[in-house]
């Protein structure tokens, strides 16, 4: 519960920020300036108003306490004793993904836990109509549904599959999203309790349309990896999936995010199937299910993980598609005046719509102090003291409230860096879509693409902005002393804040060398290792498809020659994966020998391969953080990037010198 004192502070923050906005609208616009500066100033005020509205919406939902009893304890539901579990179709939608990637997802469904496994049906919807995928599906006991000539993208593929299956529950997965063995245990009981409550005619329980589990990823995203923050900052999408969408869930209107979701089949049918006139069928289907009278929930704990794209171009293409899709779907659903939407549901959809305009607002916020400081064009008519009276109290108190009510996943400053990065690439697509100029073709995100030199071209807008900000700071403060610097301190403050954000964006677009081919997962599994005919008990520290790291409980010193093959057995739920490898390195940590193993042949047999894949991918990758490290400040982040980039540069330079020397000798 929130204390009375804090509630007073929250209300005061709201009132002070509203007072500031009223003052901005009526007393600070440059009516006597040029028409272009006036238009810019009006757009800036409008941007501030919308930013505050989105903040009010989030605070409102954080303060609102729901009366829906199931949504308060989604993670605590269990199967109803004596009640048969329903059949469920696990639909994996695929287009052109590598069968090796699909194998991991199919394998995870094979090992999924459920009281009656005969009621779990793997269904593969392949609009590539590929024989090799059909063969792989048969290998895992699934049903293959091929489709040729699909002109309706993912929606057409899934809609076609739905016409051929009939289970009361349907789970939807993207091809790369690997469900954990606990996926059904964490979702199906919620449906069963909801149906039981409806049978009792519980007045507050609406029929449940779908359960969304968080979008989770087992590799570092571009913000984590390129900014050397994979140990201190969660995945960029965690903020929405594990925070904002849970708030939506508390009001019975979680947003469908495309995968890792269980639906009531009837809800999909009542909503008219997957929408085809949008690039974000997930966002629109979730809204239409709510409009059809169903509620929707989102859990906090991830139950599946996939691949986050690691190239800048791929991430930007993905966000352009999402942005255009949400704008189009919002128009399709008429979110501002549709009478089928409840007040809270409407607010949730409007907040999602306004989010994609935040990038235009970010451009305005960066440009405003540059226009004033570098070109001597005032866009806000006010002196320092009026700004301190009207702006400062509301601004700092409102941002304190946002920080106080937020989760520990991401702070506001990190969100500004992410907004700044996407802003130059999303403003035009959002505007064009709002004007009705559509993107005709659905573009699938290539998650196998790697960072390349072309990605560095995305640095250009940030480098230009960086120099403009530096020039603005110098021009604005040059020759000023004492009170003159104080009078311009607010402008300088914003210029410096934007300069820090843009510097991070330059680092982000400049990339980072990748030395590891496969992701490492923190996994502790017991087993045996055989070295030169002697068996030792062992326990893994981390694993990957390429190798693993283990210790021996008795801390024995294992002796093996460089080329000597060792045999390993890892136990997963009473099943054994048999592997072969060689010890490539021995690491001493706190007087404990840790053995790094490179797998030479991989698993010995097909069953061992499946078990080992399950060992790797069954669960969240604990190598990555779930919360932001609050002790790492933006200045720390800049130092970490500069230090690591200097080290990488020297390493690359030294390697080049050694290579050139060898060529000269030959």
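Backbone N, Cα and C atoms are what each Cβ position is placed from, and that goes for glycine too.
Of all ranges given (280-300, 301-321, 322-342, 490-510), TrEMBL attaches the label transmembrane segment to 490-510. Range annotated as transmembrane segment by TrEMBL, chosen from 421-437, 438-454, 523-539: 421-437. Proximity of distant same-chain residues to the transmembrane segment (421-437), defined by a Cβ-Cβ separation under 8 Å and at least 6 residues beyond the stretch ends, is recorded for 223, 316, 319-320, 323-324, 327-328, 356-357, 359-360, 362-363, 366, 458, 461-462, 504-505, 508-509.
Remark: secondary structure over the domain 'PilZ' (516-607) totals 2 helix, 57 strand, 33 coil, with classes taken from DSSP.
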